């Protein structure tokens, strides 16, 4: 296969392909910005405490800022990975047709790698100017918000290296996603087997959290966070599958349609919901800390700026991660609509119109998002309360517990409302999907 | 006999191409009509107009005694749901739902109780010979088994007319034959008229009458039985 043929075959063909590429480029660019931020902070020497935030000038806090940047990059990478998987069914058919036309499996992987690698490289290249723009904005902030040093010559060297690394990682992921491409119809994965694996992962995470809450165990925030992430990653897909089966059994065609799609995508949606649980956890912890009476007025007067800056950045981090998870879920739903357009057009003949299909998408997104965020707030707030109970003498956290319960309900409902509003973005895709013109498509 | 379907001087044009130029066609209850013709002659457009999926720009379509042009979109949808069954080339079953739920969907949309709808669906799946796969997803079954379920879905509401648009197009000749025998027997069993769109003469031979289209007009009609 010549390079020209490779480029021709790898180039995005449909409007959905182009949207997927744009999302991939944007997600890689954002991940690149956060990685450039991280490397800049790692390389920085001593800084003037009158110019920069304490988060940068104090050696003990700097690793926290780097960790936050890496976590944000990880959230952007999760979005990029989801973007890579978009349109998979439609593209798989195209690539399967290429296999039938004589392309070898390695050639198909190469096409997948070239497609993803090009987007990764473009994202990496865009990351540079974006990073310098972000750095310029941060320099214009007051001292307390200046958590990024001004750019250095080393950044100019790091940028192209990072662009190449991101391109290679994207190409690798793109190639790997094509490794199992077959010309045979795909069989359904064994439901019991995957649920057993996920439940085990969830149980390990829950055990980690439980161990960290034992009276004599050391308080390890990172162990707790990892435990929550593992537990959410393991339990969320199984919970989604259970909810989906309940919807399927309901007998209401709209809910059945939502349940069918959820059941089919329970693992990918579950991963995004796990991210939402963690975001909710961060919000819950921040709210519980803010509500804690031990955070006295004197402390706030002495270091209020420091505390609020920290909470502000944590809130931004969780908002960005939640946004990434939300976009990935919406993009997945849009992909389902495209892939099922001929079946949805046939349902339209039987009287299930665009409004009902849109309602099914709303059900598919709203309930799980609301429950995930609400559960996250409960977990985060609950962990803060449990830590407060371990100080000597134990703090009275009853009012914080009540506050966290109310906050979980309110934030959960808000998250559901945002998901319902966001699903409206797909109304155009729904109308396109039920169009009678799709009756002749395969 | 009562006309199940009456199409009079129907015209339909897409943005640039004129697909139908004043086509008229009547189908009696229980009759089997094959609409044939070369690719692009307007066969599918005619069926989509007849089934109330497309609104013709001129002419009238009367289905089970209702003039579709006089109905609101909601009324047309209801007529389509209760009086029309449709079988398409690739089955077009919802991939995430079991065969039973796919067949039950038209009844559930009509407001039937879930348990009753699923019982009726299972009954039809038995009649078309795929009851043992009722809990399977379409992706786990062959094209022929999916088409059998699509026939069950088309007939589960007891429609006046069943439209089959290239129903054997994705099947091999043996499966295609079995499919046609099943479709014809099921339609007769349910007392429905059957309109088959095909470019295959062997498939057209199952019909009582063949209507041949060319360039959006009826070229000729032949009574086959």
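Every residue, even glycine, has its Cβ placed from backbone N, Cα and C.
Automatic, uncurated: that is what TrEMBL annotation is.
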Checklist outcome for this item: Among A:222-244, A:245-267, TrEMBL marks as transmembrane the stretch A:222-244
Next on the checklist: Under TrEMBL, the annotation transmembrane segment belongs to which of these stretches: A:98-117, A:158-177?
Outcome noted: A:158-177
Checklist entry - How about the transmembrane segment (A:367-387) and the transmembrane segment (A:344-361): do they have 3 or more C-beta pairs under 8 A, pairs 6 or more apart in sequence? => result no
Item to check | Distant-in-sequence neighbours of the transmembrane segment (A:119-138), which means Cβ under 8 A and at least six residues beyond its ends | outcome: 21, 24-33, 35-37, 40, 80, 145-148, 150-151, 155, 159-160, 162-171
Checklist outcome for this item: Other same-chain positions with a Cβ less than 8 Å from the transmembrane segment (A:344-361) and lying at least 6 residues past its termini are 253-255, 257-258, 261, 333, 337, 423-424, 426-427, 430-431, 433-439
Item to check | Criterion met for the transmembrane segment (A:158-177) and the transmembrane segment (A:310-332) (at least three Cβ pairs under 8 Å) | outcome: no
Item to check | Residue numbers, six or more beyond the limits of the transmembrane segment (A:310-332), whose CB comes under 8 Å of its CB atoms | outcome: 20, 23, 27, 55, 65, 68, 71-72, 75-76, 78-79, 82-83, 85-86, 147, 265, 268-269, 272-273, 275-276, 278-280, 282-283, 286, 289-290, 365, 369, 373, 415, 418-419, 422-423, 425-426
Checklist entry - Cβ under 8 Å to the transmembrane segment (A:61-84), counting only same-chain residues 6 or more beyond its ends: which ones? => result 20, 23-24, 27-28, 30-32, 34-35, 37-38, 41-42, 44, 54-55, 116, 120, 123, 147, 170, 173-174, 177, 268, 271-272, 275, 313-314, 317, 320-321, 324-325, 327-328, 331-332
Checklist entry - Which residues of the same chain, at least 6 past either end of the transmembrane segment (A:222-244), have a Cβ under 8 Å from a Cβ in it? => result 191, 194-195, 198-209, 211-212, 258-263, 266-267, 269-271, 273-274, 277-278, 281, 367-368, 371-372, 376, 379-380, 383
